[in-house]
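Sequence annotations record features per position, and here Swiss-Prot assigns Zn(2+) binding site to His101, His105, His111 based on sequence analysis.
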Amino acid sequence: MTVQFAADKTNIPGRQLFRKWVGAALNKPAEIVIRIVGMQEGEVLNRKFRGKDSATNVLTFVYSDDVPLLGDIVLCAPVISREAEQQNKDLVAHYAHLIVHGVLHLQGYDHISDEDAVVMESLETKIITRLNYPDPYVIQQ
């Protein structure tokens, strides 16, 4: 696993935590690149690959679903920080959730249908709580 910091590293968890989170969500051998980007790169990637005119928190790119699984997870640091603040979530816990979310996407899970979303969110919650973080789908007051 490779972690690329293309954004200011302030308040971004370290490589060891990313490795721990990926390991908790992964069910097969993989070669994964995690890239943490700023707002500008986040906007460019989301526009190019999803047709959206703003940055999003996480993008996942699967290159091979064979063994080893090959893919990239792109995290937009400013979006993640803003969401954590708006949702009263611990920033590290939010990063953990988004990494788990991205790794599940790499393994073929999605949330396009309501049924698939229930399955994926249930897995995310199970993994995140096993890592001793709060359920990411419970609104914090």
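Our numbering is plain: 1 for the first residue shown, then up by one each step along the chain.
Cβ atoms are placed via backbone N, Cα and C, with glycine included.
Annotated Zn(2+) site His101, His105, His111; additional same-chain residues within 8 Å of its Cβ mean position, judged by their own Cβ, are Val58, Thr60, Gly102, Leu104, Tyr109, Asp110, Met120, Glu124. The binding-site residues considered are His101, His105, His111; of these, His111 has the fewest other C-beta atoms within 10 angstroms of its C-beta.
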